[in-house]
Amino acid sequence: MKHAKLGFYIFLIPVVLWLFLLIVIPHIDLLIMSLRAENDLGELVWSLQNYKNFFTEPIYWVTFVRTAVYSILVTIITAIIALPVSFFITKVVNPRFSNFLSILLLMPFWVSELVRVYGWMILLRESGVINHFLVKLGILNRPIEFLYNDISMIMVLVYTSMLFMVVPLISVMESLDDHLIEAAYDLGASTKDIVFKIIIPHAKPGLTSGSIVVFMLTLGNYLTPNLIGGKNSLWFTEQIYTQFIASFNWNQGAAFGFLLLILSTLIIWIALKITRQNLSKVVQ
Amino acid sequence: MIRTLPRSKKYNISLKMYIILFYVFLFAPLVITCILAFNNSDFPSLPWKGFTLDWFFANNEHRVGLFHDVNNLRSIWISIKTAFIVSILSLIVGTMGAFLFEQEEFKFKQALYFLTLAPLVIPGVILGISILLASNSVGAFLEEHLGIDTPLFAPGFWLVVLGQFSFITTFVVLVVSARLKKFDRTLEEAALNLGANRFEVIWHITLRYLKPALLGGGSVAFLMSFENFNTTLFLVGSEPTLPINLYLQVRDGSTPVINAISFLMIVFTSTLALINLYFSNKKDE
């Protein structure tokens, strides 16, 4: 058994080192950093000043609330778009195509987010492809700027996170027994009843895990709000970036980072509690 | 409704239209990016001015194609280097994690597993800044107390590697664990009874069985590292990875060279994704 014990430590030590050196300690450092601020003499002291700044400066908390609300909105839109798609792929289309369609679905998401966002910029901007066709077809006299507004930003955010909703939905839909729907149909249930009383309740676990991931990724997104939303669309990650890189106020940035971390874990925790699931089940 | 039930024509057509629109939405930005990589125009926009390979191969005073663009080539090379090291490291530690959680029993296992999953719910930006802060603290401490100036703890190549490793390992743990769960442990017992030690068993039997998952996990790790932006953003020094380099160019106005790079990235990642898919299908057999 001596070998087995040795083996155990050989597995344990790298894993513990990874988790503590790269996950736990940096986050403790983040918390400590956020609680330090300069006093009148320019010395670093313990203080809640960074958190106070957040609440007294409307631009900070307004951006924070905006980011949270928009992330929830993006999550809901993603779910509404993804439900029929996953249903179609698993239940409606000829089984021969269903595999092909799912592979096709995955392909764009392997490509870097930056490339996908860039693709949307080429499509949407004033000199972009969509404007080119609209002017050519005579629908517009002059190109319009489609970029740099909230609607395009939300659309691209939905696009970016679509995969993380569709994949769990496809896997729950696959486990839905066709006979249930047939039985309901034979008993005269309407399509609406089948959707709301059979399909959606069955899809609920996939819907929750998808929503959690989409919400988290949208909340922490930096590229899309920055490139598509532009200066008009403030996102909280941009505030963090500004504090760190532009203002070089790391303590303030750390406080913002910690607030975002609390927000994301809190909302995910609530979502898990409401739907009575736990994290380790959701990720499987 | 479903395959086995009669469907009205209206239902059929509207659902099909919806799916077609969805796939157009999915592929439009990628297809247009690729097409414009071959447009003989100085801007990545229509009208179509004819086919050209300039954005890959040209090297004159007006146009410098990708293969002569030192700046972009360097960032591609840095990304490949980073992704390679990150996938090796996360594959090693991730596989150890999978063994730990699937095959060992110990105190605080649940708590440790929970920590392993934590990177899934930490936004990438936060992970980046927390690692930046921690390494900065360590660097400052070393300089103050020992008088050693360590570039290792300043933003740069190795910090990017550490930052990406910190969350990609979680994904490797999940991929390898999934396969390890299906492993028949009586095979190990048989080998142990025949006189093999634990490491011989792991080396000759378990790892062989895990090979598809290791290849799959490795390619996932490579891709995730190659395209990571959020965590990397805070950790880069003077050597930007490809996504960061592209971001700076896109933000400050772009040329079709970016389309050429995007085209290559799309081809490259799709190939890797298909290979990964092939192995994960094999895994299910």
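Even glycines carry a Cβ here, placed using N, Cα and C.
If you check TrEMBL, you get these features:
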{"type": "TRANSMEM", "residues": "A:7-28", "note": "transmembrane segment"}
{"type": "DOMAIN", "residues": "A:64-271", "note": "domain 'ABC transmembrane type-1'"}
{"type": "TRANSMEM", "residues": "A:68-89", "note": "transmembrane segment"}
{"type": "TRANSMEM", "residues": "A:101-123", "note": "transmembrane segment"}
{"type": "TRANSMEM", "residues": "A:151-172", "note": "transmembrane segment"}
{"type": "TRANSMEM", "residues": "A:206-224", "note": "transmembrane segment"}
{"type": "TRANSMEM", "residues": "A:254-272", "note": "transmembrane segment"}
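Between the transmembrane segment (A:151-172) and the transmembrane segment (A:7-28) there are fewer than 3 Cβ pairs closer than 8 Å, counting only residues 6 or more apart in sequence, so the two stretches are not in contact. Long-range neighbours of the transmembrane segment (A:101-123) within the same chain, counting only residues 6 or more positions beyond its ends whose Cβ lies under 8 Å from a Cβ of the stretch, are 85, 89, 93, 129-130, 147, 152, 156, 159-160, 162-163, 166-167, 170, 223-224, 227-228. For the transmembrane segment (A:68-89), the residues of the chain that approach it from at least six positions outside its boundaries are 98, 101-102, 105, 150, 153-154, 157-158, 161-162, 165-166, 169-170, 173, 199-200, 203, 206-207, 210-211, 214-215, 218-219, 263, 267, judged by C-beta separation under 8 angstroms.
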